[in-house]
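Annotated transmembrane segment per TrEMBL: 27-48, 68-90, 97-116, 145-166, 187-210, 216-236, 336-360, 380-400, 421-438, 458-480, 501-521, 547-565, in sequence order.
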Amino acid sequence: MEERHYSDKWEGYVDWRNRPALRGQHGGMVAASFVLVVEILENLAYLANASNLVLYLSKFMHYSPSNSANMVTNFMGTAFLLALLGGFLSDAFFTTYCIYLISATIEFLGLLMLTVQAHIPSLTPSACTPINRNTSCQQVDAGKAAILFAGLYLVALGVGGIKGSLPPHGAEQFDEDTTRGRKQRSTFFNYYVFCLSCGGLIAVTFMVWIEDNKGWQWGFGISSGIILVTIPIFLLGSSTYRIKIPTGSPITTIFKVLAGAVCTCCTSTTSRNAIMSMSTTSTYTTETGLEKKNGKNGAETHTTSEDLRLLNKAAIGRPFHQPLQCTIKEVEEVKIVLKILPIFASTMMLNCCLAQLSTFSVQQAATMDTRIGSFTVPPASLPVFPVIFIMILAPIYNHIIIPLARKATGTEMGITHLQRIGTGLVFSIVAMAVAALVEMKRKKVAMQSGMINSTEPLPITFLWVALQYMFLGSADLFSLAGMMDFFFTEAPFSMKSLATALSWTSLAIGYYFSSVLVSIVNKVTSSFRHTPWLYGSNLNHYHLDRFYWLMCILSGLNFLHYLFWASRYKYQSTRPGDQEEIQIRVNSSELQLSHS
């Protein structure tokens, strides 16, 4: 009877009242559905301002196009980089449940500050209408800029916490020890990206129209209200959630293993003999109080791997400091983390390309004819094209492509995570080539029509720019969902949230690298020319096409780098639950045979 009671509990999980989470009552698709609804609204509030922010900074705060682009990439990069903080705190000290609630409150306060600034004229620079594209206005002074950046980076802090806690919170609702649970989790990540797009669709259409026609105070104000509404919606699902118990700092474990290995290597004169004796022993049984409390089976048997053998010294050697002594389980977990880092590094260039969705591409469209019939489309609404494409492709991918791939390959996944990420990388290469060709056409039209310095829209439709958005949107769908599923699946139990946050960190570094790349390109090209490629207030004087070709080449080289690591990566095959599931099926079959 006691054994049956134990099996009804989700080991390592509690409910929102810190009581043991129970099978059948907590977790599952119902619990994850609250996360998906919240993500629609959260991304709506965030993207409503981020997608149009480059125009707000250039037109209303009077920064130059290149400075505005860099400020947007820095803001978005910081927001996504802070997802690491959210993931770390969720794994180490708090829970994904608590971190979301704290982060949503912080984002609300940041949006409220921006709303107040946009509403009060004395907190914004005086209106300015330049005569032509070569003249610029006086940018915002230091005091008003301080309010602007305080609000922006409070929003970034809140967004980072939400991105670092909400996806793993949803993924935690599924049983990773069963085939059905893993398939449901993969579906969750696909629809998580779908919900990102749903929020984005409203953001880049209705919200951008509000900002352009009613004023930015309305845009910021509505976003503030939306993020506030997500809190009670999230709380409505509290009774259905299963919440992972924090297991202590995963970063501490990583540094402990690395330091233990180095320390033992430096102080032990018999380390080679120890490694040799270790290789002759097939398995090791380790058990600590923390593993006993949070592990699925308490004491577990671990087989040491041949990869990164130097780290084995942290477990079998005698370090100078006894606290550096590690268990085999800790060493193997750190090995897993180190092996996924090259894949993580290979995705940064892709996200550098995605950064163009919110910067130069918007500014390109702002110089073109944005009319469709009698309706004028705001330039910041351009992301509607990749958003709609993702919303169409995501269900097709999940319900048609994946089932067909599973039948064709006979595997549980059908299309592996690394194959999916690689597809996204290929789409990003094509997108940059298309972007370069479109920019060449746009500048040719400007020159032929004699409108290089004119503030009037060029006689070329902005739908040309939509082509690069389509390919970048496809890249985003394949790469983001693939990365999140890959990092969450492969990461050790104690590092799930932190590992999932690597998906957003890759995006952050991509945005930062975009800013750095612009600065490097300007510095290098100014050495050979009087005017850098990307400098000044007139986009028609930029050599943006050359910049896009450069990114296309870098993306191609990055893809080769990715192939090198992806072809050598081995998925984690140790799943104790698989054996349990097989045994249950065998017992069920034997029972049916005995009855017959």
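Glycine is treated like the rest: Cβ placed from N, Cα and C.
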Under 8 angstroms, Cβ to Cβ: which one of 97-116, 421-438, 501-521 has the largest number of such pairs with the transmembrane segment (336-360)? 501-521
Counting only CB pairs under 8 A, let me know which of 145-166, 187-210, 380-400, 421-438, 547-565 has the most with the transmembrane segment (216-236). 187-210
Which of 145-166, 187-210, 421-438 contacts the transmembrane segment (380-400) most, counting Cβ pairs under 8 Å: 187-210
Spatial neighbours of the transmembrane segment (547-565) not adjacent in sequence (6+ beyond its ends, CB under 8 Å) are 342-343, 346-350, 352-353, 356, 360, 421-422, 425-426, 428-429, 432-433, 435-436, 439, 517-518, 521, 533-534
